[in-house]
Structures are given as structure tokens and as C-alpha cells.
Amino acid sequence: MTDTTAAATTTSGAIAAGLATITTEGAVLDTWYPAPRLDEAPGSAGTERLSPEQAAELLGEHAAGAVGPDPARGVEVVAVRTVISGLAENPLDAHDVYLRLHLLSHRLVRPHGLSLEGIFGLLANVAWTSAGPVPVDRVEQARLAVRAAGGHLAVTSVDKFPRMTDYVTPPGVRIGDADRVRLGAHLATGTTVMHEGFVNFNAGTLGVSMVEGRISAGVVVGDGSDIGGGASIMGTLSGGGKEVVSIGERCLLGAQAGIGISLGDDCVVEAGLYVTAGTRVTLPDGSVVKARELSGAHNLLFRRNSTTGAVEALQRTGAWGGLNAALHQHN
Ligand SMILES: CC(C)(COP(=O)(O)OP(=O)(O)OC[C@H]1O[C@@H](n2cnc3c(N)ncnc32)[C@H](O)[C@@H]1OP(=O)(O)O)[C@@H](O)C(=O)NCCC(=O)NCCSC(=O)CCC(=O)O
Ligand SMILES: O=C(O)C1=N[C@H](C(=O)O)CCC1
Ligand SMILES: [Mg+2]
């Protein structure tokens, strides 16, 4: 796993061997790729099943014990090798999508560095359980089978994406609640995601950050920025939003604040203030602009004037204090 996040050239592809969970009807529930890699000339796209010898060679001697049918869950685990010929091309199937999500979480590709077009149609909805992925219509059968063996089936989520840490556990990060980070999140070294924080797929941090709020799909947060408790960064997957928001370096999004425009570097949003693209913002000279006109500007403080109620953007002076180094340097 590299830590430099080679900005993926969109011409490159990827190759990985992995273990896939497949239902008796042939639906792919997941594929885990322990060591994916980028490749400039990977060959033709697609996924092939591996022979036991190939699986041992590419995944290690323990692969043999990890494959085979699991009647309790109604699935079979198979060893596969997946090739993506070009990351700019759209994903072909669920194996391909899983490899792309792994590339992001392994920090081999930054958010927006590959196509994720159509992924919701390619991914199965899965019950993510303590016994592994289970088809949603087989949960009760799996629960009984696990109980019959003296166990207890925990279902942590029912979703198209598993939590990242069950597939990729990047070094140099802290995550208070693993359920809050989906596979496909990109967490740079020095990032801490506290329990209230959330990081979606194709989104995340590019440097040291404190994340106590929500980083929506497509959003990237620059080095040195702090996303305060319960803060919201608007996404574009639902609700009509069109602008993919980014947060620059050394920004502070205050607790319970929200932002629907991009922030440049060294910006602060007051705790509790939600700045949407259409918010009318008063500037120091008294003029009023829509917040979208300030999108990406550096060094601004957004606040709601507590005597007039007007949202104001002020040129920032001084520092908000920055991140507490002690919370990040030992990640
Ligand atoms: C907006 C700021 C940045 C302002 O702070 P500053 O330190 O820059 O300024 P200040 O010293 O408070 O104020 C400077 C001057 O501006 C005035 N002033 C300040 N805010 C004002 C407002 N809203 N309207 C009108 N005037 C205002 C002050 O009275 C003062 O005036 P004079 O000059 O006349 O004296 C702050 O209030 C804020 O919201 N910070 C965010 C902190 C945060 O949320 N961190 C994330 C923690 S996350 C967390 O804690 C987790 C908890 C959780 O889960 O919720
Ligand atoms: O990184 C941590 O750990 C943090 N802890 C604080 C707490 O426990 O309240 C909040 C900020 C980050
Ligand atoms: Mg939990």
C-alpha cells in the first residue's frame, strides 16, 4: 500500500487477485483484493476464476482454506483474478467495481481518479454479517445455521457497500467507528475519523485531517482541515445537488455547520451556519452575492451575524489554531 496516492492516470488500468462471494444464483456479493496494483498495460478487462494452484500462487497458501461452498449462507467463495484495462472506462461488473473501491481505499487512486459510472446497478444489496456477506433473502437461514453451531449472527448493515476496514485497513489513520467509513473511502495518513464522522466512497482526505462530520460521495478535503462535529458537506447523489464540493487546505468547518459550495484554502465556517449555493452573503463593502460566487475562494470566514441575522463573508485574519498535532502524529 503506498501513501502518496499516485494521481491515477486515467489511461492506466489495474490487476488484482481476490476472493469473491457468489450466491447459488450467480450474484457477486463482494470481492476482496488484498494487494491490488495499477498497471499501464494490464491486458483485457474481465474476471476469471483461478485454479487452486493459481490461487495459492497469487493469494498465498491459505487461499485453499478460504474457498469453497458455505451452505449456511447459500454462497460459494471462489478465487478470482480481475483486470481493469482502463480506469476511465466504466465498470463492467461487481468484481470490477470492488477492485475500483479497493484502489481508492488503498490510496492507489484519488477520488475522481477513476470511473464509477453505474455502480449502484452493478452492486448487490447485501447483509453484512459476522459470518460474512449474506444474500438479504437468506439472513434467517444463516442466522439459524450460525445459532445451531453455538454462535450468534450479527448483521452490521444491509447495504451495497461494506465498511472499509473489513476489506482495507490503511496505516496511519484512526477510525472511531468502522461502520462510518464505506469501502471506497480515501483516508490519507494522519486522518482521524471520530465516531460522528462519516466518509463515503470516492471521497475523503488528502492529508492530515480531523473528521467529525460527514464527507459525502465525491467530496475531497485538503491537508490540515478539520470537519467539526456533526458538520455536513453536501453531496450530489440525491437531493438535486450538482456541484461536487471540495474543501481546501487548513479549513475549519465548525461543529454542526454545513457547506454547499467549495472552500478554498484557509477558510472557516462558523459553528452551526449552513452555507448553501444560493445563500445571499454580505461582503465587507456591504454588497451582497450568492455564495456560489465565492466557491473556491481562499481565506474567508463565513458567519451568521448574531445581531442582524445576515450571513457574512469576512476576509480572515489570524489563525483558527489549526489541528492539534498530538491527535494526529501518532496515528
Ligand atoms: C465563527 C468563529 C470562527 C469566530 O471565532 P473567532 O475566535 O474567530 O472570533 P471571536 O474571538 O469569537 O470573535 C471575534 C469578533 O467577532 C465577533 N463575532 C464572533 N462571532 C460573531 C457572530 N456570529 N456575529 C457577530 N459577531 C461575531 C465577536 O464578538 C468578536 O467581536 P470583537 O472583535 O468586537 O470582540 C467561531 O465562533 C466558530 O464558530 N468556530 C468554530 C469552532 C468549531 O466548531 N470547531 C469544531 C469543533 S468539533 C467539536 O467540538 C465536536 C463537538 C460536537 O460534536 O459538536
Ligand atoms: O482524535 C481524537 O481522539 C479526538 N478526541 C476528542 C474527544 O475525544 O473528544 C475530539 C477530537 C478528536
Ligand atoms: Mg457500530
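Every residue gets a Cβ built from N, Cα and C, even glycine.
Residues annotated as active site, acyl-anhydride intermediate in TrEMBL: E212. Under the three-state DSSP scheme, E212 (active site, acyl-anhydride intermediate) falls in the coil class.
The Mg(2+) 1 binding site annotation in TrEMBL covers D179. Annotation for D179 (Mg(2+) 1 binding site): spatial neighbours T156, S157, R163, criterion Cβ-Cβ under 8 Å with sequence separation of six or more.
Counting every protein chain shown, the number of other Cβ atoms lying within 10 Å of the Cβ of E196 (Mg(2+) 2 binding site) is 18. Per TrEMBL, the feature Mg(2+) 2 binding site maps to E196.
The secondary structure of R303 (succinyl-CoA binding site), as reduced to three states from DSSP, is extended strand. As annotated by TrEMBL, succinyl-CoA binding site applies to R214, G229, S232, A255, E270, A271, G278, K290, R303, R304, N305, S306.
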Residues among the binding-site residues D179, R214, E270 that border ligand 3 - Cβ under 6 angstroms, in sequence order: D179
Spatial neighbours, same chain, of N305 (succinyl-CoA binding site) - Cβ under 8 Å, 6+ residues apart: T282, V311, E312
Listed recorded positions adjacent to ligand 1, that is, members of E212, R214, E270, G278, R303, N305 whose C-beta is under 6 A away: E212, E270, R303, N305
